[in-house]
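There's a structure below that I have some questions on.
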């Protein structure tokens, strides 16, 4: 350095400035006609920006000495690099008709510089004092952001003794005054007044960055670091983003050490005359002396650029932009669009995309299809009153242990750019929604984001959902339907966005799912939570030799060959691009699809009101909205801009397989049907007890097997059908019994034939049968159900056998239609 006009000139920094200016003038990409950063100036003009983004890879290709100087001593050369950018901008504006970036009205306007694409990413734990002043890049998760406040960059001070003005006093990470007045006759060192109108301020924001989960060593807690954002990069990082910050490490005074109780390490010169009469040293007077004598410093990261880790922001699937900026909208290149169209034209592409979801898990196609539709989502809408209509799809997976529920959640959290994985057992209401914390420096209360806020515009995966406390489950009611979080705490009243899809996993209450009971008895979840899920899937671990063989073969093959064992049709990168492109579409409902939607909803409501129907929860308008969202997601998966009736039918099928047939286990009635179609029963036996022939073991042989095959056909009905018929018959018998008791005369029971005729007439009045064959088949099923209710379940009892008139041979035969039935007094309807 040499003295020049009373000031020292940094010759090395001046040379770096000139070389960097030459780089901006001359650097060209291969086969490019004009300089690369001349086109960058055009982009700066279009977005009215004062920040020039420089690719550090270009600097490395241009001059190795320049890149080494910038990397090693960035903090020293940073003002000179900004000055080079300003000179480059001033050169390019001459002789042009375009609006200049720096106008004549504001010649002191600064041009900021932002580097990106640094080759080596540092881990947060590697940032120490050795990195102070160097240009580095670090990746982490943003956990907290402060409000944007003004920061003093260069101050203009007025001497209170002589009135002299000192300009351009650079601030050194704290309030910095001139050391001494420049007036030779004035020796003022402490009496200064800041002239705010002539000082230079900029936007300032502090962001808390935390290590990513992959970088945390075993047995260690995640570390955090404060990141300082300035100028135009404020509000670029949001809580929950995984971000790459480029900048330098700086040592800043620790304000918390000043305010905390106890002794502080302080550097001072021994001066007896500065002690007062009691021998006690003077205290720190305000923040002016902060950092002057205190030895309490901490590391902070001063960033010059912010880059989302996955290279691009997620698609905004709402009508408005994420931050109200058109530049944030997803843009696809022609190559990416061609690749998406190629995937769409692959034969049977939908099933291949479903198979590409979580390929490490064998089978479970319905759940994979639900996860794909959840990743795509429906179309978000806003009413004229400003009410948001949810477009995100919520999915709940209930299943036995070791059914790969957590693997589905982990995979989904990894494929989405903005996602949060948490466990319900260890999550509180504040941890899921938001909490109010105290700002360490200002002492004011601020809102710290919870899991649902961090997953805004993404997916929140909650494992062990049933293990959450009731008060914690209530906290997410609003977030699941209105997609907002309302907070009224510590003087803060705010409504925060939680526009996220929820993928939850829960275990049955008894450890295993009991198919004989409805879903509400198997899962410890209230109906208010269950109704907010669009799809609820049950995973039951049943022994099946064929399925078990294929699962074992798949798992062993994955352990043996790792990635080679998995050969999905589309890779994860292709799947991400396809989903991102499909989410940018906003399909509209066609008139034909509207008709199918209305008819399907009416049919579902009619089935819900049928006695004995066993569904996961009641059919409400929420399920109609779920059908709309699923139809739009299916249309997106096919890259259609219009929702077709076929999409609606597929959505109805998904809804039926998830919540209506959730307990659709089969009931085998083959042992309870009569060989002669159930018209006669042997006279020597009590109808309420099994016959001796039934009790005696049958001899094995081809004759007996043939007789069994010809005498009885296999009769299997669904559990829902069985329960519906059972409850209808029991209710009719109870009504008859009450009427007889009230009148005081008549028989308490009903004839079986009259009971069957009543049920068939009731169903026929509702249009349940279309032919005589269906009626005969239904009568056969009802007879078998009655036999089971008498012989096995004991829900019905036989009061009288009801002997029929003598036949031609003079023998009296008992018929099942003529016997009198009643409800067992100990039976209680569920």
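Cβ from N, Cα, C; glycine included.
What Swiss-Prot shows for this protein is this:
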type: ZN_FING; residues: 159-186; note: zinc finger
type: DOMAIN; residues: 349-555; note: domain 'MCM'
type: BINDING; residues: 399, 400, 401, 402, 403, 404, 405, 406; note: ATP binding site
type: MOTIF; residues: 531-534; note: motif 'Arginine finger'
type: REGION; residues: 671-710; note: region 'Disordered'
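Describe the structural context of each listed feature in the structure shown, including burial, neighbouring residues and relevant distances.
Over the zinc finger (159-186), the average per-residue pLDDT in this prediction is 84.
DSSP gives residue 406 (ATP binding site) a helix state. Take the CB of residue 406 (ATP binding site) and look out to 10 A: across all protein chains shown you find 16 other CB atoms.
Helix, strand and coil content of the motif 'Arginine finger' (531-534), in residues and according to DSSP, is 0 helix, 0 strand, 4 coil.
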DSSP on the zinc finger (159-186): how many residues come out helix, how many strand, how many coil?
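Summed by class, the stretch gives 0 helix, 7 strand, 21 coil.
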Using an 8 Å cut-off from the Cβ centroid of 399, 400, 401, 402, 403, 404, 405, 406, can you name the remaining same-chain residues around the ATP site, in sequence order?
505, 507, 539, 541
With DSSP assignments reduced to helix, strand and coil, which class does residue 400 (ATP binding site) get?
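The residue in question, residue 400 (ATP binding site), is coil (DSSP, three-state).
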